[in-house]
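Annotated features, as they stand in TrEMBL:
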- 12-35: transmembrane segment (TRANSMEM)
- 83-103: transmembrane segment (TRANSMEM)
- 115-134: transmembrane segment (TRANSMEM)
- 146-167: transmembrane segment (TRANSMEM)
- 173-192: transmembrane segment (TRANSMEM)
- 204-225: transmembrane segment (TRANSMEM)
- 245-271: transmembrane segment (TRANSMEM)
- 292-313: transmembrane segment (TRANSMEM)
- 319-335: transmembrane segment (TRANSMEM)
- 356-373: transmembrane segment (TRANSMEM)
- 438-457: transmembrane segment (TRANSMEM)
Amino acid sequence: MVAAPVMLRSGTMVLGANIVDVAAVLLRNIILARLLPVEQFGLAATFSILMTMVETFQNVGLNRLVVQDARADHPDFVARLHGAQIAVSLGATLLLATFAYPFALAMGTPSLTPAYLLLALVPLANAFVNLETFRMQRDGRFGPQVLRSILSQPVGLLALVPGYWWLGDHRAALVAIMAQQITAVVLTHINVRPRFSLAFDPTVMRTVAAFGWPLIVNGLLMFLILNGDRIIVLRQFGPATLGWFSAAVMLTLTPANLILRTIQTIVLPLLSKMQSDRPAFQRIYDTSCSTSALVGVVAVLGSLLFGPLVIGLLFGPKFLPAATVITPLACMNALRVLRIAPTVAAMAHGETRNPLYANVVRALGVPLAAVSAALTGAIWPMIVVGVAAELAGAIAAGRLAHRRVGVDGALYWRSLRLLGSCSMAALAIPWAQWPATLLILSLLLVAIARCGSHLGLTRLFRWDRWNWAAHRSHRT
């Protein structure tokens, strides 16, 4: 069996599903932005901030453990994971209900406390997700997960219309979020065998705790990293500024999350199967490094060339101030995409502390960003601090993974140097004259060509025979 075509074929299918998912989210927010005043859109953005906290409190990595752990091939083990999932979800529901009012006070939106309490029910629904949907990825079967991605977000998009007709304000976003979350849970039970079963085992609970505690702490750090800037903007500049700033965040963060999810979904099962085959493991790792670097450089160049145009076309002239921050935000997310490669490599060996330690480094930039915003009274310096912190996090992720996993990081470091140089060049453009701008854009184009030809992206299309057949039990 040939692994490279398998990787490409599966990756295309998952990427297509994720594109539908992301496009539905993007369209939902564009419709909201067109319907609502900027300040109301800023209030709706607080729901997405809280949803990040929801995902954090219940993220013990069960969807990854069921892919990584060889015991998941036995239905009894999956049933015990379901038992652990219910316990975790109940705890997350109680925590979110407790934090709803303090969160509302911190956001300066105490009147939205009932809406925040309603979002605390999301983990309760997620207690009944069928993990078999994710376990099937061990065998290269992505159909149920693709179905879930294709349908759940469009349902949320459709729910926006009656939600706005009924409520007429930012609460329409809450209706869409709840509809999407419930649909996503239901779809994990469609076309999946065996059916959802339940068992409780203290040993498995301890396994889940050992696997998941770094992910929970890492999730808290990610909440701070991904939402720290928006919280600072809300507290420092008000809901209206948060509205247009959230539009810029969404245009850069949404594609980044699409790539991150796709790479993790495809690469983690491959690397988990290839733990004992070092050459194959190295080839897959190098491919993920070069692919993520190429995506990052393209994103930075795209934000430079088309960012203001896209903001104006999608969100309208009232959101045009977002054009001033879209390039530095793109640089920040490009670096975040690159460090998914060492993170997934470490996770394939059951090492979940890699993203935790890297995000500790990255999170140190959040208080510095708050100080820069307070001292300068501007958003741009705050984001530049975030770019520098993201670069430091990428360095930490690479060093930790290469040492613990024993993989060669030469290609990763070349990719990081290239992407870091491109980011610095892009950040310099606002102060450059037009000849310098043309030179920088030319350098970015050269970087894209180098990523494609010299950083190993062609491995996706080479028919090298990787030792894949010995590790697969089903054909893709």
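Cβ from N, Cα, C; glycine included.
Among the recorded stretches 83-103, 115-134, 245-271, 292-313, 356-373, the one sharing the largest number of Cβ pairs closer than 8 Å with the transmembrane segment (319-335) is 292-313.
Proximity of distant same-chain residues to the transmembrane segment (12-35), defined by a Cβ-Cβ separation under 8 Å and at least 6 residues beyond the stretch ends, is recorded for 41, 44, 142, 145-147, 149-150, 152-154, 156-157, 160, 164, 170, 172-173, 176, 243, 247, 250-251, 254-255, 257-258, 261-262, 265-266, 314-316, 319.
In summary, the transmembrane segment (356-373) does not lie against the transmembrane segment (115-134): fewer than three C-beta pairs, each 6 or more positions apart in sequence, are under 8 Å. Between the transmembrane segment (83-103) and the transmembrane segment (204-225), the number of CB pairs under 8 angstroms, six or more residues apart, is three or more, so the stretches are in contact.
Outside the transmembrane segment (204-225), and at least 6 residues removed from its termini, the chain residues within Cβ reach (under 8 Å) are 52-53, 55-57, 59-62, 65, 69, 77, 80-81, 83-84, 87-88, 350, 352-353, 355-356, 359-360, 362-363, 366.
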